[in-house]
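What follows is a set of notes on a single structure, which appears directly below.
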Amino acid sequence: MSELNEKLATAWEGFTKGDWQNEVNVRDFIQKNYTPYEGDESFLAGATEATTTLWDKVMEGVKLENRTHAPVDFDTAVASTITSHDAGYINKQLEKIVGLQTEAPLKRALIPFGGIKMIEGSCKAYNRELDPMIKKIFTEYRKTHNQGVFDVYTPDILRCRKSGVLTGLPDAYGRGRIIGDYRRVALYGIDYLMKDKLAQFTSLQADLENGVNLEQTIRLREEIAEQHRALGQMKEMAAKYGYDISGPATNAQEAIQWTYFGYLAAVKSQNGAAMSFGRTSTFLDVYIERDLKAGKITEQEAQEMVDHLVMKLRMVRFLRTPEYDELFSGDPIWATESIGGMGLDGRTLVTKNSFRFLNTLYTMGPSPEPNMTILWSEKLPLNFKKFAAKVSIDTSSLQYENDDLMRPDFNNDDYAIACCVSPMIVGKQMQFFGARANLAKTMLYAINGGVDEKLKMQVGPKSEPIKGDVLNYDEVMERMDHFMDWLAKQYITALNIIHYMHDKYSYEASLMALHDRDVIRTMACGIAGLSVAADSLSAIKYAKVKPIRDEDGLAIDFEIEGEYPQFGNNDPRVDDLAVDLVERFMKKIQKLHTYRDAIPTQSVLTITSNVVYGKKTGNTPDGRRAGAPFGPGANPMHGRDQKGAVASLTSVAKLPFAYAKDGISYTFSIVPNALGKDDEVRKTNLAGLMDGYFHHEASIEGGQHLNVNVMNREMLLDAMENPEKYPQLTIRVSGYAVRFNSLTKEQQQDVITRTFTQSM
């Protein structure tokens, strides 16, 4: 114990004392020790020769992936765990931060605990043979999450999956949406964290012996035992790279490396849809500042270490199927890093390291990963606002989320974004990811008595279809409300099953080891097709919509007479309908019982599944044709927001965060000239636009999320025809960024047909 205390004292030398020394409390450490920065980017250094050499090597593999739409390589015989692979390098002599998921760059691992079927599907898609022993083990001896879920699913849920009224459920792959507090590895070292977990384990003994909440207590004891074991395995993994992480980091290089080792353990053992990195830049700046002041490193060396960390995050890959890629296209893993924001005490959390992270988009060029997310506040330093705006204009690689909305909601300044738009407090909260429900199809079920318009089979509860020649708004709304009740029940039932089985068969021990003992859980539901449903209701209410029926009386098309207000133009007649749908569905979800008493939340988010949803949904009363993509996330339907940027932003900002606390995704594309004639004016105008969209006060809620693309449609058309000219072209789509060349032609076309705002 004295040896551990000596390690702690040495590592913490020069830091301001606080509660963080007596308990696991990273926020307190940051608040006591960080240096806010309000200056500009002039201090930044460029790429070193080592960085350029390493990144050129990585880009060879990335270009191959772009060209083939297939993995560079993947395992077929080794089930991945924290310790399953030997050390891997790009070029060991040049790397300042080390660690790969497997023994080779961009080689993907087998992670079978979520489900063997996805692995079999991937092997088949890419003409590789899965080792028969892997299949035998995970079919006959070791049950998977996927098998557990399908053992318990109801016939109703299976029909909902087949029809696409529920899509993307994490029932065949890792759920993700959990952020380990990877900073804890650097600040405390593994031995301290293992000691803390042992104390947590012991704290449950009295409840266990007295039969208090017996099942929950036994489960938590087992989970903590697994967490403790995972921490030990992290030490073993790091030792393969020549590092002893039993004690805390003693300098900036170790702080970055230790933090990354915590994350590497997560992505070696889990293939979650979103494996977010957290909120590390300000934490790491404390170590960098200490070393800079002591003359131990230069600014060039600081940037190089950040570059090599970010390079590793860019290289994380999971083995997926083409069907998965349709929903989440372009290999996203959502290594989301939340940057900036303001502290509860009024100081900015922007540091020089916030700039260094953004600078990687210049030292190594644009990239979709890590999913860099600016926590925007009107009170952010002006220099940082303008630099972030410049980075968006130059790279289209950033997303923005409203710190002035979320910080007071949590009463906490140490939250981060999981996945795309979903906030949670780091190390204290986790999400049960729930994909999304299709509101546009739900409306068609209301009109057709629960019969699916594409499959021509009964999916929803059997009821009389609407019979009249003209759709009546009140009748449609009454029936839709009934079908939303049904859908909410199917949805929550499915998610309860999924997350019970994931905890049982694919528990995220390494991630949860970097959480407190008792965490807050949210049941993160979602809706898709919001603008389609709102516009359809608007058409029914304000125009005349006549259903066209087939020989079986099924409404398969709609004829619209007259004009109707469309979402995205700051028209309260339709905007209020969208607001009502969000609030209405959330209230229905909130009435239902959730697994582990998770707090129900909801997102308005689609990822790239707006294309898949469109394929699965027939003609809708707004005039959208069968198969046409939905507007992504909370976006208006393509081309319908005709009154400029401010009107479109205003419509989306009306959607209530109080009923969508899992996030509201809005993707905004604007041509450069619409922002101004020169770079300085464009930076100022883009920053001003975000100040306006995110402006938040008690009486007027600000928008929650904004993807920003600044580019011309002509460039995207050229990139479709000449992909080799644009190997790193990055664009923002619903909730994340993606290399344009990694999208399918269909998805590229969808992006190109979206609204490119020509005026403010």
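Here the Cβ of each residue, glycine as well, is placed from N, Cα and C on the backbone.
These figures come from a predicted structure and were not determined experimentally.
Under 8 Å, Cβ to Cβ, and six or more positions away along its own chain, Cys419 (active site, S-acetylcysteine intermediate) finds Gly176, Arg177, Ala273, Ala274, Ser276, Trp334, Thr336, Phe433, Gly735, Tyr736. In the three-state DSSP scheme, Cys419 (active site, S-acetylcysteine intermediate) falls into the coil class. The active site, S-acetylcysteine intermediate annotation in Swiss-Prot covers Cys419.
Cys420 (active site, cysteine radical intermediate) is surrounded by 29 other CB atoms, counting those within 10 A of its CB over all protein chains shown. Annotated active site, cysteine radical intermediate per Swiss-Prot: Cys420, in sequence order, evidence recorded as experimental evidence.
Across the domain 'PFL' (3-625), the prediction's mean pLDDT works out to 98. Residues annotated as domain 'PFL' in Swiss-Prot: 3-625.
The domain 'Glycine radical' annotation in Swiss-Prot covers 632-760, and the record cites sequence analysis as its basis.
Taken from Swiss-Prot, the feature N6-acetyllysine applies to Lys63 (among others). The Cβ of Lys63 (N6-acetyllysine) has 15 other Cβ atoms within 10 Å, all protein chains considered. Lys63 (N6-acetyllysine) falls within a helix when secondary structure is assigned with DSSP.
Under the heading N6-succinyllysine, Swiss-Prot lists Lys107 (among others), citing experimental evidence as support. Its own atom aside, the Cβ of Lys107 (N6-succinyllysine) has 20 Cβ atoms within 10 angstroms in the protein chains shown.
Taking a C-beta cut-off of under 8 Å and a sequence gap of six or more, Lys117 (N6-succinyllysine) has these contacts in its own chain: Asn146, Ala172. Reduced to three states, the DSSP call for Lys117 (N6-succinyllysine) is helix. Feature annotation from Swiss-Prot assigns N6-succinyllysine to Lys117 (among others); the stated evidence is experimental evidence.
In sequence order, the list of same-chain residues 6 or more apart from Lys124 (N6-succinyllysine) whose Cβ falls under 8 Å from its Cβ is empty. Per Swiss-Prot, the feature N6-succinyllysine maps to Lys124 (among others).
Taken residue by residue with DSSP, Lys195 (N6-acetyllysine) is part of a helix. Here Lys195 (N6-acetyllysine) comes close to Leu4: these same-chain residues lie at least six apart in sequence, with C-beta atoms under 8 angstroms from its C-beta. Taken from Swiss-Prot, the feature N6-acetyllysine applies to Lys195 (among others), supported by experimental evidence.
Marked as N6-succinyllysine by Swiss-Prot on the basis of experimental evidence: Lys195 (among others).
Taken from Swiss-Prot, the feature N6-acetyllysine covers Lys454 (among others), and the record attributes it to experimental evidence. A simple way to gauge crowding: the CB of Lys454 (N6-acetyllysine) has 17 other CB atoms within 10 angstroms, across all the protein chains here.
Under the heading N6-succinyllysine, Swiss-Prot lists Lys454 (among others). The DSSP secondary structure for Lys454 (N6-acetyllysine) is coil.
Residues or ranges marked as N6-succinyllysine by Swiss-Prot: Lys467 (among others). The Cβ of Lys467 (N6-succinyllysine) lies under 8 Å from the Cβ of no residue that sits 6+ residues away along the same chain. According to DSSP, Lys467 (N6-succinyllysine) is assigned to coil rather than to any helix or strand.
Summarising the environment of Lys591 (N6-acetyllysine), the number of other Cβ atoms within 10 Å of its Cβ, over all protein chains shown, is 11. Here Swiss-Prot flags Lys591 (among others) as N6-acetyllysine.
DSSP classifies Lys654 (N6-succinyllysine) as coil under the three-state reduction. Summarising the annotation, Swiss-Prot assigns N6-succinyllysine to Lys654 (among others).
Positions annotated as glycine radical by Swiss-Prot: Gly735. The 10 Å shell around the Cβ of Gly735 (glycine radical) contains 30 further Cβ atoms across the protein chains shown.
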Close in space, distant in sequence - Lys654 (N6-succinyllysine), Cβ under 8 Å, 6 or more apart: Asp575, Ala578, Val579
Rounded inter-Cα distance in Å - Lys63 (N6-acetyllysine), Cys420 (active site, cysteine radical intermediate): 25
Tally of residues which DSSP labels helix, strand or coil - the domain 'Glycine radical' (632-760): 56 helix, 21 strand, 52 coil
Neighbours of Lys107 (N6-succinyllysine) among the recorded positions Cys420, Lys454, Lys591 (Cα to Cα, within 10 Å): none
Whole-number Å value for how far Lys591 (N6-acetyllysine) lies from Cys420 (active site, cysteine radical intermediate) (Cα to Cα): 26
